[in-house]
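Feature annotations, courtesy of TrEMBL:
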type     : residues : note
TRANSMEM : 20-42    : transmembrane segment
DOMAIN   : 100-516  : domain 'Major facilitator superfamily (MFS) profile'
TRANSMEM : 154-171  : transmembrane segment
TRANSMEM : 177-206  : transmembrane segment
TRANSMEM : 235-258  : transmembrane segment
TRANSMEM : 264-282  : transmembrane segment
TRANSMEM : 347-368  : transmembrane segment
TRANSMEM : 374-395  : transmembrane segment
TRANSMEM : 402-421  : transmembrane segment
TRANSMEM : 427-450  : transmembrane segment
TRANSMEM : 462-482  : transmembrane segment
TRANSMEM : 488-511  : transmembrane segment
């Protein structure tokens, strides 16, 4: 009986059928990256805000004040008289009554200097110039509640982590396309609930679930793409990353056009319902079917692929070699039981963690250095486009490991140099920082491909899911690491990023090279890789 790769070569390794499936599934990258980075715009600064004094709303209505006049009469005296208070997190500890003058409401306190007026902490009584522009103004995530914005991103990353484990396992047990479609449905439904969440608790719960299902769509679409093409065409796993970058570049345009955070949330969630139409055009992975002893279904799909590719399978292709491994559900022990699998797993887990932490840290660092948020975010996405091109030009010529290692080491050195460059030569500092961002993007994109090529079909989705879960752990830590260390010294996070990236570059040199090698079908195949 012929092997699967022999049948695939006969049916076409990257014909019209695979190109169509590839293009359709690539759209998932746009929606997933938008979800991945959405907190930058969902939690954008809502403009100016201040704490309203009890009774000020009634007084404002009686006096016919505008919001600006109310602020001038009741809030501005506070920062003018007490330089340590801005009127945002503290308010005057007074209550207006009907006898207050509309032209000079503080006149009754003339026996006190403005700097000696009593103060108290503000609690849920803020007024915003743009009340529905972001989740900050929607749920009062300011002052002592400001840390909750970081929590919302951490919750999303924990959802990614849960999705990697739960849906990665489910995809290996129940099939790639089934879990992909269920995940798309989940992302869409949870996204709508997030947009209309009545309180912050509901927002967090369904943001977690949206993250979980979002990770399911991204991982399964990636695995499907790499499993239906030949070994010489697996660089499509790199090309799919371009669509992730396109999502990063499109997001600021959506945010610029959408007047409210709910509009942004719906814009990145609703397209997932369109992916349910893939039920009729994207088949189950024939490689997965073979591992589940469903050779007839796999052969039927291969005949369909050959037909769409303008090929014809020979009559003797009535059966395909089926894995001799016992069909069972994957577990973590399967990934560390044998020496080569154990080494691959531990190095890949660290690579995911380091790449994600450095990547997200450099992205969020844009918010610290200031500038035009929409333009800077777009440019930061555009910088990533050459990464895929550089990978495509090198990965099939010199292999996977060398570009993987060099990109990590260059990213680490660039971070280190950027930290010590003086501020008076901003063009050089920006250039070196951009080189670091480009390099870590290359490393981040290669780890996807290498991870899928170093696991057998029976464990591929679970292995990719488990290792990439460390990416979500890195993403959860990144905001806290960045902002806490930056409070000590603005460039201190870059030192940590540098160490993580260089260590990663040295470790990945220990991984086996997979250029031009067929995807391993069994654990024994992996152990034979040099």
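Note: Cβ is positioned from N, Cα and C throughout, glycine not excepted.
Automatic prediction, not curation, is the source of TrEMBL annotations.
Each of 154-171, 235-258, 264-282, 402-421, 488-511 was scored by its Cβ pairs under 8 Å to the transmembrane segment (347-368), and the highest score goes to 488-511. Sequence-remote contacts of a segment are chain residues at least 6 beyond its ends whose Cβ falls under 8 Å from one of its Cβ atoms, and for the transmembrane segment (235-258) they are 14, 22, 25-34, 36-38, 40-41, 44, 221-222, 225-226, 229, 264, 267-268, 373-375, 377-378, 380-382, 384-385, 387-388, 391-392, 395-396, 445-446, 448-449, 452. At the 8 Å Cβ threshold, with sequence separation of at least 6, the transmembrane segment (374-395) lacks contact with the transmembrane segment (177-206), having fewer than 3 such pairs. Taking Cβ pairs closer than 8 Å, the transmembrane segment (154-171) reaches residues 35, 39, 179-180, 183, 204, 207-216, 219-220, 223, 329-330, 461-462, 464-466, 468-469, 471-473, 475-476, 479-480 in its own chain, all 6 or more past its ends.
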